[in-house]
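Asks: Below is the structure I would like to discuss, written out as structure tokens.
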């Protein structure tokens, strides 16, 4: 990923002004006015870009912060998958808060305005966030694959998840050190270097032309092509297992011998309002587990698909530029500039898309988001608490739901029947 690299100064900018000390004041004032009018001041389409960046900035920061708060303040949401989702949100907050504003200014001015130190830091943090995101998504896919295919071989726990997250944050900064080492800030117009930071670029400097080809080829394979290929295979197997047949551990004999709760109660001489027998309750629990796993798998597949689509343009453009040497001499410079600018925006749009995906595909996250917004915005209902309900209130709610289920046994019977059609092939 290369959001901070600049394609170069725009056409029409003077290529030299001689000795800066000999420039007449009236010429300098005219030249600065020209820079503001024709170079710095955003054009119409750039105002659209600014609005798009601002929207992504707000949605990404607010949405990912709410994701972290929802898991932190609710013990029932502290699952292994949600730990990894929080880690992904932290990486998104990092890249949005630190790197997005710099990328916006670079795309608008086509100049690096932040000096030599940040020229190394900001691209480095962007590369680290990419590595963290890819490794986190890979660990999620691996965890889900083991949970579906080998539930007894590997027991996933919160402690192991936290250890994996620490490992991700230890490995990612280490492997991305070369990105910081090769970044250098230089001026396209050296005669203006002491007077303005305009026309400065933050780009890679390699000792040999072969090195960037090797580095960016490996970067593309390790951070995009290989992990996405492995994750696609894992989710394909998960999809086939969950939607094609019963998950491991489902009791086929229980399904074959299952009788409706009302029939079992009548055989035992009990009324229709009695509690369902253990066998029916076990079957309902398996149906509930199946549905929960399907919902989680569907949400994670969408997250992976959106990540792949958002990072595809910048990954391909970087390979074409760094490995094959394209875009150095081009007649349609504006089209190249537009492609790079849009691909930069897509990278940050992925950070804003994840909380939206959680909202639409996860009922628990949706409840927490609604509770948070109801505290801040009027008209959204009573202000709910982000905390999990107390055990007493949960027990009371469970008792009421049991009474309601007993009083409407026919409805419960219909729910179980529809559940059977979901599980049976």
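A Cβ is built for glycine as well, from the same backbone N, Cα and C atoms used for every other residue.
So Swiss-Prot lists the following for this protein:
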TOPO_DOM  1-46  topological domain 'Extracellular'
REGION    26-41  region 'Required for response to orexin-A'
SITE      36  site 'Important for responses to orexin'
TRANSMEM  47-67  transmembrane segment
TOPO_DOM  68-82  topological domain 'Cytoplasmic'
TRANSMEM  83-105  transmembrane segment
TOPO_DOM  106-119  topological domain 'Extracellular'
DISULFID  119-202  disulfide bond
TRANSMEM  120-140  transmembrane segment
TOPO_DOM  141-160  topological domain 'Cytoplasmic'
TRANSMEM  161-182  transmembrane segment
TOPO_DOM  183-213  topological domain 'Extracellular'
TRANSMEM  214-235  transmembrane segment
TOPO_DOM  236-298  topological domain 'Cytoplasmic'
TRANSMEM  299-321  transmembrane segment
TOPO_DOM  322-336  topological domain 'Extracellular'
TRANSMEM  337-360  transmembrane segment
TOPO_DOM  361-425  topological domain 'Cytoplasmic'
Asks: Taking every residue in the topological domain 'Cytoplasmic' (361-425), what is their average pLDDT?
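Replies: Across the residues of the topological domain 'Cytoplasmic' (361-425) the model's pLDDT averages 56 on the 0 to 100 scale.
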Asks: For the topological domain 'Cytoplasmic' (141-160), DSSP counts of helix, strand and coil?
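Replies: Tallying H, G and I as helix, E and B as strand, the rest coil: 12 helix, 0 strand, 8 coil.
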Asks: Using a Cβ distance cut-off of under 8 Å, indicate which of 47-67, 83-105, 214-235, 299-321, 337-360 has the most pairs with the transmembrane segment (161-182).
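Replies: Per the Cβ under 8 Å count, 83-105.
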Asks: Using a 10 Å radius around its CB, how many other CB atoms surround residue 119 (disulfide bond)?
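Replies: Other Cβ atoms within 10 Å of residue 119 (disulfide bond): 22.
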Asks: Could you tell me how many residues in the topological domain 'Extracellular' (322-336) are helical, how many are strand and how many are coil under DSSP?
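Replies: Taking the topological domain 'Extracellular' (322-336) as a whole: 5 helix, 0 strand, 10 coil.
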Asks: Would you mind splitting the topological domain 'Extracellular' (106-119) into helix, strand and coil residue counts from DSSP?
Replies: 9 helix, 0 strand, 5 coil
Asks: Determine, from DSSP, whether residue 202 (disulfide bond) sits in helix, strand or coil.
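Replies: Reduced to three states, the DSSP call for residue 202 (disulfide bond) is strand.
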Asks: Near the transmembrane segment (83-105), which same-chain residues lie under 8 Å Cβ to Cβ, leaving out any that are not at least 6 residues past its ends?
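Replies: Residues packing against the transmembrane segment (83-105) from afar: 3-4, 49-50, 53, 56-57, 60-61, 64-65, 67-68, 71-72, 113-114, 118, 122, 125-126, 129, 132-133, 136-137, 139-140, 143, 158, 161-162, 164-165, 168, 344, 348, 350-352, 354-355, 358.
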Asks: Hey, which bits of the same chain come close to the topological domain 'Cytoplasmic' (68-82), Cβ under 8 Å, at least six residues off its ends?
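Replies: Beyond its ends, the topological domain 'Cytoplasmic' (68-82) has Cβ neighbours at 89-90, 93, 140, 143-144, 156-158, 160-161, 296, 300, 364-365, 368-369, 372, 386-388.
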